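Student: Okay, so TrEMBL annotates it like this:
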type	residues	note
ACT_SITE	CYS74	active site, proton donor/acceptor
ACT_SITE	CYS189	active site, proton donor/acceptor
BINDING	ASP10, SER11, TYR42, GLY43, ASN75, THR76, THR190, HIS191	substrate binding site
Amino acid sequence: MDLRPVLFFDSGVGGLTVLREARVFIPEIQFIYVADDAGFPYGNWEENVLKERILKIFTNLLTHYNPALCVIACNTVSTLMMADLRQNFPHVLFVGTVPAIKSAAEQTKSGFISVLATPGTVKRAYTNELINSFAGQCHVQLVGSEKLAGFAEDYLRGKSIDLEELKKEILPCFVEKNGKYTDVIVLACTHYPFLIKFFREQALWSVKWIDPAKAIAKHIRSLLPLSEKIHQHPMKKYQDFALLTSKNITSSTEHLLKGFGLKLMKGVDFEIQDQ
């Protein structure tokens, strides 16, 4: 039985949507949450520069924390460089978060699907490969938002959101053609489920919103050789904690992480430059 920690990585706090589901399925495991907030947002980074940055971060993390498994709780990174991570760290088990296009194709009745993501995820070849493999018979609308991840970060810290701007960001997801309408929208950024109540309020019509967090959490659970006895009577031995790459940590961020049961570890040097 491997009780080493499970490490979650994202550019910001979006990956907390996956972590909260993972806690349901593996409550006994220690979680380490890492946010590269100094590099947020990832959506418009130049690909090679972003790859170099993340590989450097993981070289540091894996040396210090030796996790049983790493969850890349970021669609932008997962669609960009899962192969690079596995190649550079072959002894480590990585789980990615990629757009739930297969699930959307299985659930749509109209054949009209939209994928709401960051600009980086929209332009990835991997995203188009998923469409060709699983949704070739569907009309798939890719929508890359530059603002929604930031809106989620602000909302979780108690700041107000410009709902008119939010509506403009999701408007392209709603497609009508020849009497058929979009009926499924994939949330292809882990930040977006935090905004789901606003999406529903601003939607042009009723659709199914797909958040893959629970499915990812179940997959993580299946990969960890845990005792069923422990799972039935969980007892966490160690405190879950969070690491941030920025030096300017606000009280609102610290309060947010505490609300997710994460103790903020300060003074960690990732040996990277802020964006």
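Yeah, the Cβs are placed from backbone N, Cα and C, and that goes for glycine too.
I'd like these features described in context: how deep, what's nearby, how far apart.
Tutor: All protein chains shown were included, and the count of other CB atoms within 10 Å of the CB of CYS74 (active site, proton donor/acceptor) stands at 30.
Secondary structure at CYS189 (active site, proton donor/acceptor), taken from DSSP and collapsed to helix, strand or coil, is coil.
Long-range Cβ contacts of THR190 (substrate binding site) within its own chain (separation 6+, distance under 8 Å): ASP10, GLY14, GLY15, LEU16, THR17, VAL18, ALA73, CYS74, ASN75, THR97, ALA213.
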Student: Where does ASN75 (substrate binding site) sit in DSSP terms: helix, strand, or coil?
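Tutor: Assignment for ASN75 (substrate binding site) reads helix.
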Student: What binding-site residues in the list SER11, TYR42, THR76 lie within 10 angstroms of CYS189 (active site, proton donor/acceptor), counting C-alpha atoms?
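Tutor: Near CYS189 (active site, proton donor/acceptor), where near means Cα within 10 Å, the binding-site residues are THR76.
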Student: What are the sequence-distant neighbours of THR76 (substrate binding site), meaning same chain, six or more residues apart, C-beta distance under 8 angstroms?
Tutor: SER11, TYR42, GLY43, THR118, GLY120, THR121, CYS189
Student: Among ASP10, SER11, TYR42, GLY43, ASN75, THR76, THR190, HIS191, the annotated substrate contacts, find the widest CA pair distance and round it to a whole Å.
Tutor: 13
Student: Using the recorded substrate site (ASP10, SER11, TYR42, GLY43, ASN75, THR76, THR190, HIS191) as reference, state which further residues of the same chain have their Cβ within 8 Å of the centre of those residues' Cβ atoms, listed in sequence order.
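Tutor: Close Cβ neighbours, site residues excluded: GLY12, GLY14, PRO41, CYS74, VAL77, THR118, GLY120, THR121, ALA149, CYS189.
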